[in-house]
Amino acid sequence: MLTFIARRLFVSLWVFLAASLVMFVLAVNVRDPLSEARQLPDGQREAAIAALTERMNLDEPVFVRYFMWLANALTGDLGVNRQGQSVNALLAERFPATVQLLTAATVLAIIIGITVGVLSALRQYSGLDHTVTFVAFVCFSLPVFWVGTLLKQYVAIDLNDWLRDPALAPMVILLISVVIGLACSSLLLGDRRTRLTVFGTTTVGMALLLWALSATRWFADPGLGIIVIALTAVAGAVAFTTLVSGLDFKSPTMRAALAAAAVGIICSFALGPVLADPSLLTLLLLIVVTVGVCFGLGWYIGGELFRRSAITAAILTGLFTGAVIFTDRLLQAFAAYSAHSRIRGRPISTIGPSTPNFDGTFWELRLDSFGHLVLPTMALMLVSLAVYTRYTRASMLEVMNQDYVRTARAKGLNERAVVTRHVLRNGMIPVTTLVAFDIGTLIGGAVITERVFGWKAMGLFLTEAIEQGDPMPMMAFFLVAGGAIVLFNMIADIAYAFLDPRIRLS
């Protein structure tokens, strides 16, 4: 394995160096760097040309300038731009905002896309499958700038207007309930009567829930409450146990997951003062403690036979319960955040990464970040979501028709074991490549998305450099974007070797 990794690292390094040379040649030839200086009056022209020539090393050949840049880049010095400003400082200002966008969009696209793709493959040619296919093709065809404009109008402006008086009309309640009922019924396998029963029950229950939420003005002052937190945590424990080892309420795995849920519910009370206004470091420590406690519960309750599955189910349940508690705290802070003088009842923002001069509690600051992130994240996520869904579905269907899957079913394995142990692992092998390519696609899409939503991040950093014909910022952007693509492609190759041992042997 070490030889395989070393070989991939060596190849990736040479690919990156070759790409950097091509990029540098293109960057220095975008436009004449002395065009503005030549238009100055006679008394200033020569001095300006001499200053730019010295600053940008224009008196050196292109390849000499490339190796000068490469030598400085290896020491961490990315040079200066046309105005003499440090590119390192400019990159440090713009990079964090892009990381926010890419992290949220990538994680959500992977989780939602793969989940929907798996469900679509397991329900092949059903109503769910056809609907997912249609929506995926629509999302794949949408240009990012157009999606951003639509999101500004219908999600930001219209939703903010609705939040001033958040009441649901009867027709809206009916429409939402019917859509959710159809979605739930399409997930089931069974006869028409069973699906109609699920559809009717879900539709009526959702309609009553939405009516109650609207009548009590829950949308203006939301929150989950301990009962909803407890029910959600228990449901998560059952779901994770079913996914890991099958549904068995008497198994040690189920007991470990339920114990993790119980600990999380108790901690939501006990840690109330700590969670009132915590710091980011406090939350990170709580996550570490949660993993440690759940690991201990799984180790103790699982015993020798069920230890691995119990630990997995307990940790997943603990993290899920923590996420529910986190969501409840955010919802409780929504009313105060929306009434803030800097927000004025419009929590969904269309410009920039944060509200200027906004000051509030930890949860209000998180809501402010979320309100600014939601629209650009949705715009970036849609195309990636469609790609993950389609590739996951195609890969899962191909694996499900393999001989070893039919053999597993013939040996008497239940469908959960067949899907999770055989189909899912092998079906994810082609999808790992998409993650690598998707990083570059998202960075390219962020260039447009940042323009639409007024983010001063890497997108504006690149476009300004191109407009000014400034090679050093362009090369800094290449280091980030190209380096991420090469790095994640190498990680994909290594992941291949772990997922498919035949690659190591070859």
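Cβ coordinates come from backbone N, Cα and C, glycine included.
Annotated features in TrEMBL:
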- 95-496: domain 'ABC transmembrane type-1' (DOMAIN)
- 101-122: transmembrane segment (TRANSMEM)
- 134-155: transmembrane segment (TRANSMEM)
- 167-189: transmembrane segment (TRANSMEM)
- 196-218: transmembrane segment (TRANSMEM)
- 224-244: transmembrane segment (TRANSMEM)
- 256-275: transmembrane segment (TRANSMEM)
- 281-302: transmembrane segment (TRANSMEM)
- 309-327: transmembrane segment (TRANSMEM)
- 370-388: transmembrane segment (TRANSMEM)
- 431-454: transmembrane segment (TRANSMEM)
- 474-499: transmembrane segment (TRANSMEM)
Cβ-based contact of the transmembrane segment (370-388) with the transmembrane segment (224-244), 3 or more pairs under 8 Å: no
Same-chain residues at least 6 beyond the ends of the transmembrane segment (224-244) whose Cβ lies under 8 Å from its Cβ atoms: 251, 253-254, 257-258, 260-261, 264-265, 268-269, 309, 312-313, 316-317, 320-321, 324-325, 327-328, 331, 416, 420
Same-chain residues near the transmembrane segment (474-499), Cβ under 8 Å, at least 6 residues beyond its ends: 1, 4-5, 8-9, 12, 15-16, 19-20, 23-24, 27, 30, 69, 73, 78-79, 87, 90-91, 95, 98, 425-426, 428-429, 432-433, 435-437, 439-440, 443-444, 458, 461-462, 465-466
Winner by Cβ pairs under 8 Å against the transmembrane segment (256-275), considering only 101-122, 281-302, 309-327: 309-327
Non-local residues, at least 6 beyond the ends, that sit with Cβ under 8 Å of the transmembrane segment (281-302): 252-253, 255-256, 259-260, 263-264, 271, 274, 308-315, 317-319, 322, 326
Contacting positions for the transmembrane segment (134-155) when only residues 6+ beyond its ends and CB under 8 Å are counted: 348, 350, 374-376, 378-380, 382-383, 385-387, 389-390, 445, 448-449, 451-453
Long-range Cβ neighbours of the transmembrane segment (167-189) (under 8 Å; 6 or more residues past either end): 119, 123, 126-128, 131, 195-196, 198-200, 202-204, 206-207, 210-211, 213-214, 217
